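Here's the structure, in structure tokens; my notes come after.
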């Protein structure tokens, strides 16, 4: 099972990197979302996907899944959610004010101000 | 157990929350954040004294014994850095009163600054790798908001890149934590250190170590600094000064912590790489400082030279070089904060960023000029000032370790740093006097004593750190000692109560 998950995560990373390297800002933001999805699945996978009950003591099972990565993922999800929403608004503002979403035209030198 | 440890986090946090409600009352915001800054320095000083007297202090959150709960650890290095952060935070806050402008102050500038301090102090104090990630994010999200606050075109353009690169490095950080957890099953740093030692560093653990190195190098601007010169030039002076003084140093601290505590068993791989990256950073930073003719770029590349220098101290990893790295880190935080404040004042005095368009400022702004001159000497490491002792120790450590190329590079880069800053000084302050810039509405705004005073305060600190190097060295040696012997840290955290 871990093998399939690793392959899927690999695909997510690939797609994420490919999108981040593109010119349009919106694609870049989508790329970062793919990347964070991949990372969260990686956290889940790296704690071994053994079968067990959900980590609720009421289940009274013999074995539970590892509860720690789930807490880490939950933390990381809300952080990346906050960051992504900020990034979206930033991209919107930048589009309004700079009039482009093409990274080529957002190059660093101060020539075009 | 020592509840004092959480206060450097709690004071700015509570202040920030309070200030959010007072967004319209600029005066009140200033008073409250000043008071909280002073309180923060007091607490940090008490903490430092305690660490000096009683050794490493720990706090187990909610009483959960490590490795099960989150633990806060104040060893000498963390305590020193927290105190330095608090001091720089206060001085830059005082500088902002007269420079940041009412519009930004009304839009949550002070709360964001406090949240930034929460993240920085938290990163220094935490003893848990995932908690370190969370503190990093607290710091970074505040910095995203600060870098774009005001919304000028340059800021919007540069903050997109700054955010993107930090989102990437944060994703890599989580991936690295995931791999490390998969291999060791631990998150607490002291526990991790023991488990890595037991498993024997090599193979997959080396790969993870390199991944952490990439993550922290991205944050610290160590070789992977391509994002830094542009982004640090975008925000207003006070914000750029906070960034230059604190943000890259947190990355450096994380590097020092992980590569002296957890991944120190295979020097041949990890520390060689850090050395190579340090050398490249110093060289490229020096090229950048030479190449540009505008103030923000010159200062930004000088930040990189400092980062490379400290990383060199870490790479050599002898007792001397680690002591030196701690000393130089403290000096660099204060001096770079000061340098950016002075640079910002020069820009507003001349009304331009370009060296070719300014000149003769020394007649109108003598104190600013001589302070900048002395700061340039301090950064280059001329003896009476603060940079000397740290550089001396780092280079001596480098020689002991046989890293002659890197030592030569670091000396050359100091020379370039001095040259680039003195060229800035000569172009801006000497020569033909240019007419007073028209954009300056209040006359002599740059000589406004309330903007000069905070800078002067930092300057006094730079001088004292140089003159009293003997006294500071006592603290730095203890910090370096804990870095050189990780067992001291591990025993302090995992001891049975």
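The backbone N, Cα and C atoms fix where each Cβ goes, and this holds for glycine too.
Annotations in TrEMBL come from automatic prediction, not curation.
Here is what TrEMBL records for this protein:
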type     : residues  : note
DOMAIN   : B:128-415 : domain 'NADH:quinone oxidoreductase/Mrp antiporter transmembrane'
TRANSMEM : B:6-24    : transmembrane segment
TRANSMEM : B:31-49   : transmembrane segment
TRANSMEM : B:69-95   : transmembrane segment
TRANSMEM : B:107-124 : transmembrane segment
TRANSMEM : B:130-150 : transmembrane segment
TRANSMEM : B:162-183 : transmembrane segment
TRANSMEM : B:203-228 : transmembrane segment
TRANSMEM : B:270-292 : transmembrane segment
TRANSMEM : B:299-317 : transmembrane segment
TRANSMEM : B:368-386 : transmembrane segment
TRANSMEM : B:406-431 : transmembrane segment
TRANSMEM : B:452-473 : transmembrane segment
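For the transmembrane segment (B:452-473), the partner stretch with the most Cβ pairs below 8 Å, chosen from B:6-24, B:107-124, B:299-317, B:368-386, B:406-431, is B:368-386. The list of residues near the transmembrane segment (B:270-292) in space but at least 6 beyond its ends in sequence, with Cβ under 8 angstroms from a Cβ of it, reads 206, 209-210, 213, 217, 221-223, 225, 229, 255, 259, 263-264, 298, 300-305, 307-309, 311-312, 314-317, 403, 405-406, 409-410, 412-413, 416-417, 419-420. Using a Cβ-Cβ cut-off under 8 Å and counting only residues 6 or more beyond its ends in the same chain, the transmembrane segment (B:162-183) has close neighbours at 129-130, 133, 136-137, 140, 143-144, 147, 192, 199, 204-205, 207-208, 211-212, 214-215, 218-219, 227, 231.
Contact between the transmembrane segment (B:6-24) and the transmembrane segment (B:203-228) is not supported, since fewer than 3 Cβ pairs fall under 8 Å when only residues 6 or more apart in sequence are counted. Counting same-chain residues at least six beyond the ends of the transmembrane segment (B:203-228), those with a Cβ under 8 angstroms from any Cβ of the stretch are 136, 161-162, 165-166, 168-169, 172-173, 175-176, 179-180, 183, 196, 247-252, 254-255, 258-259, 262-263, 266, 269-270, 273-274, 277-278, 280-281, 284-285, 300, 303-304, 307-308, 311. The stretch with the most CB contacts under 8 Å to the transmembrane segment (B:69-95), chosen from B:31-49, B:107-124, B:368-386, is B:31-49.
Through the fold, the transmembrane segment (B:368-386) approaches residues 302, 306, 331, 334-336, 338-339, 342-343, 345-346, 349, 361-362, 392, 414-415, 417-418, 421-422, 424-425, 428-429, 446-447, 452, 455-456, 459, 461-467, 469 of its own chain, all at least 6 residues removed from its boundaries and within a Cβ separation under 8 Å. Residues 8-9, 12-13, 15-17, 19-20, 23, 29-30, 33, 36, 40, 78, 81-82, 85-86, 89, 92-93, 96, 100, 131-132, 134-143, 145-146, 149, 242, 246-247, 250, 253-254 of the same chain, all 6+ positions outside the transmembrane segment (B:107-124), place their C-beta atoms under 8 angstroms from a C-beta of that stretch.
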